Structures are given as C-alpha cells and as structure tokens.
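The domain 'Rhodopsin' annotation in TrEMBL covers 31-267. What TrEMBL lists as region 'Disordered' is 274-293. What TrEMBL records for 12-35, 47-72, 92-114, 121-144, 172-194, 206-229, 241-265 is transmembrane segment.
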C-alpha cells in the first residue's frame, strides 16, 4: 500500500493568510451589523446571509489551522494522514457552503437597486445555475469515492483515482461560474452608479469595493488551477487551493460588508464634507447608496423616470 505524496511540514503562509482575512472579515461584518442595527435599524436577509457566510468562513479557517496543527506532529503517522484527508474533505464542503451563502447575500443586496428587468433576470439566472452546481459539487465531493467514512483509506490505497476527471471537471465548472457570477455582481451596479449624482470621491470608493469583489473571481480561477494536485492526494495542492479559496471568500465578505458602511463613514469622518456636498445640490448619501434603501429607492425612481422619458 503506497500513500500519496505529502509535504509533512508546517506552512507559515497557510497560517497567516486565513488569520489575516478572518480578522478583517470579522471586523467588517461587525461594523456592518452595527450600521444595520444601530444606525439604520434594518437588519435584512442579505445581512443574515453575510453573518452565515462568516460562520462558514470561520469554520474554514479553523480547519486550515487544524491541518497545520496535525502536521506539527513530530512523527506524523498514517493515522495523522488519514485525519488530514478527512479535514480536507470537510473543508471543501464548508467552502462550497460559504460560497453559496455569500452569493445569496450579494444577490439580495444588488437586487434592491438594479433597475432594469434584464438585469434582475441575469442575477436570478446566474444565481440559480451557481447554486445548482455548488450543491451538486458538495454531493460529488462527499460521495465521489463511495462511502465517505472510508474516503481517507481508499485515497491512501489509490482506489479513488477513477473519479478524478469528473471531480476536476466539476471544480473547473464551479470556478468559472464563481468568477462569472462575481463579475456579474460587479458590473451590473455600475449602470446604476453612473446614473446617480455622486461626487467623484464617492464613486471612487464604490469602484474600490467593486475591484475587491472582482479580486475574488481571480482567486476562484487560481483555486481551480491547483485542484488536480489536491485530488491526487498532495497537501501542496490542498494548501494552495484553499489559500486562494480563503482569499476568494474573505475578499467577498469584506467587499460586501464595506458596501454597507457608508452611513458610518458619514457619521464619523466624512460626514461634514459629504453633507456640504449634498446641501449644495448633490444627491444625499441616503439617496445614493443601497444601505439606506428608502433614499436610494428614490434615486432609482429618478433614474427610471429619466429613462422612460427619453
């Protein structure tokens, strides 16, 4: 019986990346909860889904730490390797659950202010396809080698290689759909932002948030690249793949939460400048960001009216 190749050494990068992104994600979601409950007093379904995503993301980071802790064993045995394989499969499933929760959160958020019917249809279509693919991927990962409880031993004995092509194909498809959905969520709101009367600095902030969201799509593609090494049983593939998964989900949580923090920026640092701009004829903060839905809905109505009047 030959065990798959593995690099039984602790990786500093594998510890730092999830620690950094988890810390920023917790801070951003915490601020989001404060804005929604303390300032706007309106905690919506996308906010609950973002919190759920953070829970999955925390579990994902914890499992990554667990892998490194197992590798810190002075003399890793076959039992340790079996434990690591079980952690790997659990982490992949949790990552897929986090992806679904994050995409649902983003979809509900953007659906509140996209104007055109075709935009809403696109969001619903991409979301349905992505969720269907992710759910099927979860079942494929869990049962790709028959009995999940014997997954580790069968992998070590090389009895699961027959399904590797199907698993690789599903991973590539999931990565492409993930990236395409991220790009859709980043591009569609631009049509609304360009029509709102925000000052340049405000639009620059929004553009930065969109750029961070797009970074997640790049990470999704890079994660798919390293999957073939993962299904062959090498820990190097798992580490690199999960590192990009961490960046993908972490960047998505940070970007989606940052998009809701404008009322806090108005209250703390930039309130005076933005208020002056608003009083001088520029649309108010509440009317140009989906955080304050009432104000933004008025702005969307203006955009709709302008479009129908042409």
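Using N, Cα and C of the backbone, Cβ positions are placed for all residues, glycine too.
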Dominant neighbour of the transmembrane segment (92-114) in 12-35, 47-72, 241-265, by Cβ pairs under 8 Å: 47-72
Per-residue pLDDT averaged over the domain 'Rhodopsin' (31-267), given as an integer: 81
